[in-house]
Amino acid sequence: MARLTSFLLLLSLICFVPLCLCDKSYGGKLFPGYYAHSCPQVNEIVRSVVAKAVARETRMAASLLRLHFHDCFVQGCDGSLLLDSSGRVATEKNSNPNSKSARGFDVVDQIKAELEKQCPGTVSCADVLTLAARDSSVLTGGPSWVVPLGRRDSRSASLSQSNNNIPAPNNTFQTILSKFNRQGLDITDLVALSGSHTIGFSRCTSFRQRLYNQSGNGSPDMTLEQSFAANLRQRCPKSGGDQILSVLDIISAASFDNSYFKNLIENKGLLNSDQVLFSSNEKSRELVKKYAEDQGEFFEQFAESMIKMGNISPLTGSSGEIRKNCRKINS
């Protein structure tokens with residue numbers, strides 16, 4: 001009997017090991033079942049609100065993905081981007097990368113309101129952003145992934161980090177890669193995550209220099225495919241019209257697929273920060289070619305890189321708080 005008891009104990013320990021490794025692989029205290037008991041319907045609530053928002057406006061999927069990216073690159077994935085200005089907070093919404101372009105905050109508010117009805121004071125705004133990003137991918141035809149949860153919300157924001165950490169449309173390849181490296185992301189993550197530009201739009205002000213004054217000498221970017229450039233000039237005047245939108249992916253702007261990479265190979269990347277992935281570095285060029293040829297490979301890496309990005313410096317344990325309202329810290 002004693003031998004049987006010992007055997008069963010050993011067997012239980014062996015069976016338990018993979019569970020421990022699984023949780024550990026998601027990054028410390030973050031794990032998918034974090035709300036299994038405290039808010040088991042969290043995934044369904046987030047998905048329902050995001051689905052309605054994307055059904056009303058497909059562009060919202062890209063906007064929500066962008067919010068998650070811009071949040072994680074500043075102080076980690078802590079919901080700091082969602083904070084409005086107050087006596088204690090200089091909002092990141094006023095930074096150059098976010099001013100007049102970051103959107104989707106109302107959708108986050110709707111998700112949070114529904115969660116507060118069902119599970120008050122339980123689900124963080126940082127986790128809301130992470131789940132909404134995943135659902136935005138799925139709802140436009142992109143990959144799904146299991147989202148590690150358990151982030152807490154910051155009590156601060158950083159306008160300066162938002163201005164300095166987030167890659168700009170006119171940055172060089174090396175500058176962009178350096179900004180990714182500082183977040184613990186590598187060149188593969190850079191190329192895969194840039195693939196989210198397969199959906200969404202960009203403002204004229206973000207790519208005008210490529211059309212009229214790429215090098216400061218009054219000449220356009222000659223690497224831009226000429227018929228594509230001519231069409232863009234019809235939409236984007238030399239001056240004015242800063243808020244005019246153009247699609248980031250001219251093949252399938254509303255579908256999450258690998259056509260973004262096919263555009264880069266044809267020199268039809270809208271932003272300079274897109275096109276340099278193909279024109280400025282051999283390793284990134286090979287990754288662009290690989291993802292253009294194999295959508296499954298792109299989807300698999302995108303999901304992996306999104307999980308990795310979502311694990312950037314999360315607040316866990318007793319750090320931070322669970323905001324009641326994503327726009328302001330708890331009083």
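Note: Cβ is positioned from N, Cα and C throughout, glycine not excepted.
Annotated features in Swiss-Prot:
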- HIS70: active site, proton acceptor (ACT_SITE)
- ASP71, VAL74, GLY76, ASP78, SER80: Ca(2+) 1 binding site (BINDING)
- HIS197: heme b binding site (BINDING)
- THR198, ASP249, SER252, ASP257: Ca(2+) 2 binding site (BINDING)
- ASN170: N-linked glycosylation site (CARBOHYD)
- ASN213: N-linked glycosylation site (CARBOHYD)
- 1-22: signal peptide (SIGNAL)
- ARG66: site 'Transition state stabilizer' (SITE)
Determine which residues of the same chain, besides ASP71, VAL74, GLY76, ASP78, SER80, have their CB within 8 A of the center of the CB atoms at the recorded Ca(2+) 1 site, and list them by sequence. CYS72, PHE73, GLN75, CYS77, GLY79, LEU81, ALA126, SER154, ALA157, SER158, SER313
Quick note, SER252 (Ca(2+) 2 binding site): same-chain residues at least 6 apart with CB under 8 Å of its CB -> THR198, SER259
Residues satisfying Cβ distance under 8 Å from ARG66 (site 'Transition state stabilizer'), sequence separation of at least 6: ALA102, GLY104, SER196, GLY200
Which of ASP71, ASP249, all binding-site residues, has a Cβ with the fewest other Cβ atoms inside 10 Å: ASP249
Can you tell me which of the recorded positions HIS70, ASP78, SER80, HIS197, ASN213 is spatially closest to ASP257 (Ca(2+) 2 binding site)? Compare CA atoms only. HIS197
Rank aside, I only need the closest one: which of the recorded positions HIS70, ASN213, ASP249 has its C-alpha nearest to that of SER80 (Ca(2+) 1 binding site)? HIS70
Of the recorded positions HIS70, VAL74, ASN170, HIS197, ASN213, which one sits closest to ASP249 (Ca(2+) 2 binding site) when you measure Cα to Cα? HIS197
Could you check what DSSP calls the residue listed as 'heme b binding site' once collapsed to helix, strand or coil? helix
Among ASP78, ASP257, the most crowded of the binding-site residues [Cβ within 10 Å]: ASP78
